[in-house]
Amino acid sequence: MVLFGLTVVRHGETRYNKDKILQGQGVDEPLSATGFRQADAAGVFLTNVKFTHVFSSDLLRAKQTAAAILGKNKFCRDLEIKCDARLRERKYGVAEGRPLADLKAMAKDAGEQCPSFTPAGGETLDEVRERAKDFFEFLCQLAVGLEQKEPDVPGASSRSMGTSKEQFVFPWTNHGSEAEPSSEGGGYSKILDANILVVSHGAYMRNWFGYLVSDLSCTLPGNLSKSQLSTVSPNTGVTHFVVKLKNGNLSKPEITCVCLNQDSHL
């Protein structure tokens, strides 16, 4: 069995976020002073979480956020941030650099509603979802590859004994240590093959999380409704999943959402 943690953080605020102007992929704004403070706060919130891998959108606002988070981390400040274009924000074509109100007006003129409306030169929601699906499958393959590299333990029935795996501490669950509900019902396991941090963008994350729930039957926290998935994460909102792949089966991951768009650090 392969088990990995996946923490997804939206980038910090930019001047365009504050002014409700669409950035998409064509506007590569840096973080504002507020955005850097938010990124630092997220880093403090995650300071005791030991990540094994860090991935970021290749857009500046995401890269700066990822760097700020690692800069506050006690264990992995020198971990390489790998930039991946699959994590970019949705492309809004002719609407990029224009107020959100303009996009809504374009949608109304076309007889459609946001966010399903696609402006000229933009990406459809299905195209964004395909990018997210491709990246998630890549993460699953990465975790399986790590598990397969582990040395076999004589006498152990499987590698899930955790002899060469890491234990991780999480700030958003009881006692700061739970990662995955145990079969006994009372405790949680902390043994993971990998613990991955991803920094991306609001519309992209909403689409990705929707895919995990609708297509892969991700389990949501008891106090969360599916309708809340349609809400865009606040800047530096933190979402955490635990992903289980039984027998290395990439086609049927068991996904548990521990928290969605957590912003208590703000």
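Keep in mind that glycine also has a Cβ here, set from the backbone N, Cα and C atoms.
These features come from TrEMBL:
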type: BINDING; residues: Arg10, His11, Gly12, Glu13, Thr14, Arg15, Tyr16, Asn17, Arg61, Glu89, Arg90, Lys91, Tyr92; note: substrate binding site
type: ACT_SITE; residues: His11; note: active site, tele-phosphohistidine intermediate
type: ACT_SITE; residues: Glu89; note: active site, proton donor/acceptor
Measure from the CA atom of the residue listed as 'active site, proton donor/acceptor' to the CA atom of Thr14 (substrate binding site) and give the result in Å, rounded to a whole number.
14
Most crowded position, judged by CB atoms within 10 A, among Tyr16, Tyr92 as binding-site residues:
Tyr92
Local Cβ density at Arg10 (substrate binding site) - other Cβ atoms counted within 10 Å:
30
At the Cα level, what's the spacing in Å between Gly12 (substrate binding site) and Glu89 (active site, proton donor/acceptor), rounded?
13
Near the residue listed as 'active site, tele-phosphohistidine intermediate', how many other Cβ atoms are within 10 Å of its Cβ?
33
Return the count of C-beta atoms lying within 10 angstroms of the C-beta of Gly12 (substrate binding site), excluding that atom itself.
28
Return the residues near Arg90 (substrate binding site) by Cβ distance under 8 Å, restricted to its own chain and a separation of at least 6 in sequence.
Gly24, Gln25, Gly122, Glu123, Leu125, Val128, His201, Ala203, Tyr204, Asn207
Could you state the whole-number distance in Å separating the C-alpha atoms of Arg10 (substrate binding site) and Glu89 (active site, proton donor/acceptor)?
10
Can you tell me how far the Cα of the residue listed as 'active site, proton donor/acceptor' sits from the Cα of Tyr16 (substrate binding site), in Å?
14
How big is the Cα-to-Cα gap, in Å, between His11 (active site, tele-phosphohistidine intermediate) and Arg61 (substrate binding site)?
6
So which one is it: of the recorded positions Thr14, Arg61, Glu89, which has the fewest other Cβ atoms within 10 Å?
Thr14
